[in-house]
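Before any comments, here is the structure.
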Amino acid sequence: MGDVLISDRPPSPARLSHTSEKHPRVTLQELNVLRRHRELCDVVINVKGRKIFAHRVILSACSPYFRAMFTGELEESRQTEVTICDIDENAMELLIDFCYTSHIVVEESNVQPLLPAACLLQLAEIQDICCEFLKRQLDPENCLGIRAFADTHSCRELLRIADKFTQHNFQEVMESEEFLLLPVGQLVDIICSDELNVRSEEQVFNAVMAWLKYNVADRRQHLAQVLQHVRMPLLSPKFLVGTVGSDLLVRSDEACRDLVDEAKNYLLLPQERPLMQGPRTRPRKPTRRGEVLFAVGGWCSGDAIASVERFDPETADWKMVAPMSKRRCGVGVAVLNDLLYAVGGHDGQSYLNSIERYDPQTNQWSCDVAPTTSCRTSVGVAVLDGFLYAVGGQDGVQCLNHVERYDPKENKWSKVAPMTTRRLGVAVAVLGGYLYAIGGSDGQCPLNTVERYDPRQNKWCAVSPMSTRRKHLGCAVFNNFIYAVGGRDDCMELSSAERYNPHTNSWSPIVAMTSRRSGVGLAVVNGQLYAVGGFDGTAYLKTIEVYDPETNQWRLCGCMNYRRLGGGVGVMRAPQTENYMW
């Protein structure tokens, strides 16, 4: 045998590092067993005669309230039984259970005592869960009660949401019994808001008078105080004179008559209006419905998916909504008449020609839309002149140049002129009355060519090509340019991006995205350009980035719930329901 080589360096000690994932869970479980058996317990919490055995160290670790009680100089630090008043005994037991189990169920029957108890014990996580539960329960009948509850317990985020909900749904809230029971101060807080969502100021006046007449004897003294927040100069002259001015309660109060006279002067003396501006002449800003982004279907974890999620830029939250009835990757998505259409795609086994339509007001998909004449995946979909166009794609046999359009009034598809080039993984955009088909693949190699369709002539013609071949790219119209981002060329996924100027018929580069993205969705939401998901050559992506044209920079801005390759994106106005306000 040959010589054994021995290093001069001393051998490093053997080492195996281990962190147990089950240890914390098992430890907590055993501590709870000890508590249930009243073993090693060193304190009893007495709430209205109910005695709850516990360990000081566990309560102190979970609750700043208990930590201050047991580690300070308070008398309770030396007591084996501590009495706590002004708290619900069932809520206390639930919270101590949570300290030992990390589990709690919040429901309608316990949330009202549970929230103040969590506030007392300074259990911020439970406070947040209670507030989230109440946010989900908001409706026009209870929002004022929830608002008062949030105000009492200093839940500022819940108070903000309840205020926003009340303002947004004032037309329904004013008809509730809770509205009629409001104290005068809370009524004033509501009606003085610029954000009150009303069709006209007449609704505000009618709401105030309904509140007043619910208890005239006690409330007529507050009439002028309340009416000064009704913007009478914005009433119609007919309503001001015929309804407000003739009301006996208004006529019997001098301060109210002065408010009516002020409004009459504003209406009758237009030349004097610049000198009469004030809070009562300022139009309210109805709660604007911002835009939200939907990410639809795609490919995730080796399979097509049916899931759909919605992004609200105001909160930067992604929320799951109703899934489609079929799994769809390579799906074409567009919005027509405030409805979201999902066209074609592939379900993991078959190429599809079926279509689904989503109504955000009901959070439901319907399948009563006529199918396309051809099965299509990797299809481009866009809306032009009230028609939904399906452009290119593949049907499982060949790459397509077919184009057809859908008439929602007739629920019917009809073919229009085909493209000059077959294109799958094509991006489409509408600008200046034309439908653009950008890039894609002809079935052999990626394309940089671009053609546009003129519906007036039913004809396609070529425009300037992109600088880069791209298939499965993202495309959107932003500030009167067509942006093309990501995709894949002959050999790799792309992060590069460029934009098309229709006035000069030319493409120019912009800064690359932070990630390579093929199968990326691109959309403009509330004036910002978002790139959604895709594939970077190694992994499916759920990250989102947004482009700032002023700085020519992309920045990451959160993640979807699902990784998505080849999903569709669509942008809609947020529905006027509480489900879409957060």
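Note that Cβ sites are derived from N, Cα and C of the backbone, with glycine treated the same way.
Per Swiss-Prot, these features apply:
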| type | residues | note |
| --- | --- | --- |
| DOMAIN | 41-108 | domain 'BTB' |
| DOMAIN | 143-245 | domain 'BACK' |
| REGION | 1-21 | region 'Disordered' |
| REPEAT | 292-338 | repeat 'Kelch 1' |
| REPEAT | 340-386 | repeat 'Kelch 2' |
| REPEAT | 387-433 | repeat 'Kelch 3' |
| REPEAT | 435-480 | repeat 'Kelch 4' |
| REPEAT | 482-527 | repeat 'Kelch 5' |
| REPEAT | 528-574 | repeat 'Kelch 6' |
(Q) For a three-state summary based on DSSP, what are the helix, strand and coil counts in the repeat 'Kelch 1' (292-338)? (A) 0 helix, 25 strand, 22 coil
Q | Per-residue pLDDT averaged over the repeat 'Kelch 6' (528-574), given as an integer | A | 94
Q: For the repeat 'Kelch 4' (435-480), give the DSSP counts of helix residues, strand residues and coil residues.
A: 0 helix, 22 strand, 24 coil
